[in-house]
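Annotation comment: Swiss-Prot describes 227-339 as domain 'Fibronectin type-III 3'. Among the features that Swiss-Prot reports, motif 'WSXWS motif' is placed at 327-331. The signal peptide annotation in Swiss-Prot covers 1-21. Under the heading topological domain 'Extracellular', Swiss-Prot lists 22-343, citing sequence analysis as support. Under the heading transmembrane segment, Swiss-Prot lists 344-367, citing sequence analysis as support.
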Amino acid sequence: MEWPARLCGLWALLLCAGGGGGGGGAAPTETQPPVTNLSVSVENLCTVIWTWNPPEGASSNCSLWYFSHFGDKQDKKIAPETRRSIEVPLNERICLQVGSQCSTNESEKPSILVEKCISPPEGDPESAVTELQCIWHNLSYMKCSWLPGRNTSPDTNYTLYYWHRSLEKIHQCENIFREGQYFGCSFDLTKVKDSSFEQHSVQIMVKDNAGKIKPSFNIVPLTSRVKPDPPHIKNLSFHNDDLYVQWENPQNFISRCLFYEVEVNNSQTETHNVFYVQEAKCENPEFERNVENTSCFMVPGVLPDTLNTVRIRVKTNKLCYEDDKLWSNWSQEMSIGKKRNSTLYITMLLIVPVIVAGAIIVLLLYLKRLKIIIFPPIPDPGKIFKEMFGDQNDDTLHWKKYDIYEKQTKEETDSVVLIENLKKASQ
């Protein structure tokens with residue numbers, strides 16, 4: 001009898017423990033009331049901030065957490081703070097939904113979600129500028145450019161405003177310029193020693209002075225759209241048919257954050273070889289060592305007795321930056337070696353054909369004379385007879401024109417005087 005009694009008592013204890021545990025855990029899973037006083041505001045140019053108050057009538061044994069996400073249910077977040085901010089270009093409408101719950105478990109059903117939206121500035125969308133983009137040049141200044149909107153006047157005066165966390169207030173860009181169809185503006189933006197500076201962004205807004213066009217916004221992360229200055233070639237040297245190239249990196253950059261392209265043009269082959277370099281360390285004894293911010297590369301198999309021209313360009317790599325597509329301009333070219341005398345080469349090109357043509361003419365004349373000597377002309381007997389009887393034949397042909405039987409139509413009589421009688425008479 002003792003065993004059934006003990007089993008019943010143990011069973012009762014388990015039921016009590018299970019019931020107590022279930023009651024204690026049911027309270028946090030209760031749906032809480034919605035948040036109150038949800039509002040939205042804009043700071044600087046593109047910093048949107050939502051704030052709210054805790055729900056009224058929330059459970060006393062509930063540690064409130066707030067579940068929020070944007071209208072497309074992206075970038076979900078559960079946090080105890082009663083605010084949320086985001087940097088976003090205000091070119092489109094953006095909404096935030098907020099609800100309350102008692103834990104960080106996403107599977108827990110939050111309260112009714114409260115939504116608050118912010119719309120972009122009013123204006124004709126066709127009047128807003130297009131292709132607004134900015135490039136951070138050599139970590140020293142930023143250059144932005146854009147195209148005018150479709151429904152804008154050609155004489156529109158644009159203004160660019162910018163802000164980042166190192167500035168106390170919004171600044172206006174003064175260096176407005178025009179390049180072809182593009183408008184643009186540049187402003188100083190120097191890298192600071194703050195390690196988190198490059199993790200920030202620059203907020204950009206472009207509008208007109210008269211307020212007739214719709215403002216356009218852009219956010220430029222400082223880890224992207226970075227374009228270094230071209231490097232500077234310091235030294236070229238040959239060693240064992242290898243070309244050693246040493247250059248100075250652009251300021252504000254370290255070598256491990258750059259990717260290099262070395263181009264070598266040879267005057268003899270008239271071709272260029274391109275080498276992509278990730279690590280350019282000056283470890284060979286031919287390189288000048290202990291030089292700050294310099295890089296080196298060895299080009300194999302280069303002909304030292306010809307003229308070789310070298311140029312280099314660089315870009316950022318993904319080890320330090322998010323973007324690796326913007327190449328710098330090419331460096332100034334540097335040459336090493338000797339180029340063959342082009343004047344002598346051209347002179348030879350002109351003289352050789354003349355000499356060859358003269359030799360061909362002389363050879364032809366010589367061959368003709370040699371032919372006469374080897375094959376003399378054969379005498380023609382008929383020619384001899386033609387020369388002997390040629391005149392007689394001509395006279396015969398001449399007399400053939402007259403008829404030998406032609407009769408004299410008139411007879412003439414001449415007197416004959418004896419010469420002897422004339423002599424006697426004279427004596």
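Cβ atoms are placed via backbone N, Cα and C, with glycine included.
The average per-residue pLDDT of the prediction over the domain 'Fibronectin type-III 3' (227-339) is 87, rounded to a whole number.
The helix, strand and coil residue counts that DSSP assigns across the motif 'WSXWS motif' (327-331) are 0 helix, 0 strand, 5 coil. Across the domain 'Fibronectin type-III 3' (227-339), the DSSP tally of helix, strand and coil residues reads 3 helix, 50 strand, 60 coil.
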